[in-house]
Amino acid sequence: MDIIEGPPIDTDPLLIVFARSVLQLGLGLLGCLYYQISPLGTQQRSWLVLRGLAGAFGNACFFYAVTVMTLADATVVFFTGPVFSALFANWMLGEPYGKFDRLASVVCLLGIMLVVKPQGQLGWGAVAALAGAISGALAYCVVRKVGRGVHSMVHVVYFGALSFVGSAVMMFLVQVPRMPKTGSEWALMLAVGVFAFIGQVLLNRGLQLAPTGPATLMRNLDVVFAFVLGVTLFDEIPDWSGVLGALVIITCTVAMGLHKWY
């Protein structure tokens with residue numbers, strides 16, 4: 001495979017994943033030290049490895065999608081995750097997956113077709129976002145599978161460690177590794193890592209405490225934030241098909257969440 005020059009930092013998903021994983025791993029280890037717990041956990045380590053691998057792969061896919069799609073479109077496709085979470089929860093946790101869930105899943109996939117633009121890099125971005133959604137759904141179900149017996153900080157460490165190894169290996173295989181060069185680039189990478197750490201701690205704890213329904217509803221707020229930030233920060237004005245597809249997907253995932261809740 002040819003070695004290619006690394007892309008600019010704001011469009012380099014591998015560097016973004018690497019920077020995020022370094023900070024997430026470091027802060028996670030400090031958290032384990034603070035709580036006086038083993039960062040490797042004391043039980044169900046095979047599930048923790050699977051959670052870390054699925055989370056790392058899904059995270060990399062999402063960051064790639066964001067670099068070639070609008071923030072809103074990539075986030076909408078990525079947050080079809082509840083559809084796949086319902087499938088994994090049925091398989092791993094024995095949760096019901098009835099006719100209503102199947103119907104909502106099919107309609108949600110139709111919403112994806114409205115959002116996705118299959119040409120060129122956009123098509124690959126949509127595939128990556130969908131792969132990330134599936135991987136993320138698996139990771140969330142593993143968190144609920146292991147339950148409260150594993151501290152949320154241990155999940156952060158496994159996720160960070162496997163993301164660190166995977167992104168470092170891929171950077172050396174497919175491009176010339178690079179470091180941030182300016183103060184703004186360093187600040188950007190630091191912000192990504194810190195906010196990712198905070199988000200992961202809260203997400204893992206929330207998945208352990210909340211039932212599937214309420215957790216699904218709260219996660220859908222990401223789509224709203226993505227649309228707002230995409231328009232206000234990046235001047236990404238969504239077209240009518242993207243907005244319609246987003247409404248279809250949000251409606252279906254919210255309906256599934258409410259159905260499971262009640």
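Backbone N, Cα and C define each Cβ position, glycine as well.
Record features (TrEMBL):
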type: DOMAIN; residues: 11-116; note: domain 'EamA'
type: TRANSMEM; residues: 14-35; note: transmembrane segment
type: TRANSMEM; residues: 47-68; note: transmembrane segment
type: TRANSMEM; residues: 122-143; note: transmembrane segment
type: DOMAIN; residues: 124-253; note: domain 'EamA'
type: TRANSMEM; residues: 155-174; note: transmembrane segment
type: TRANSMEM; residues: 186-204; note: transmembrane segment
type: TRANSMEM; residues: 216-234; note: transmembrane segment
type: TRANSMEM; residues: 240-258; note: transmembrane segment
Integer mean pLDDT for the domain 'EamA' (11-116): 85
Other parts of the chain folded back onto the transmembrane segment (14-35), taken as Cβ under 8 Å at six or more residues beyond its ends: 6, 56, 59-60, 63, 151, 153-154, 156-157, 159-161, 163-164, 166-168, 170-171, 174-175, 178, 180, 189-190, 192-194, 196-197, 200-201
Number of helical, extended and coil residues in the domain 'EamA' (11-116), per DSSP: 85 helix, 0 strand, 21 coil
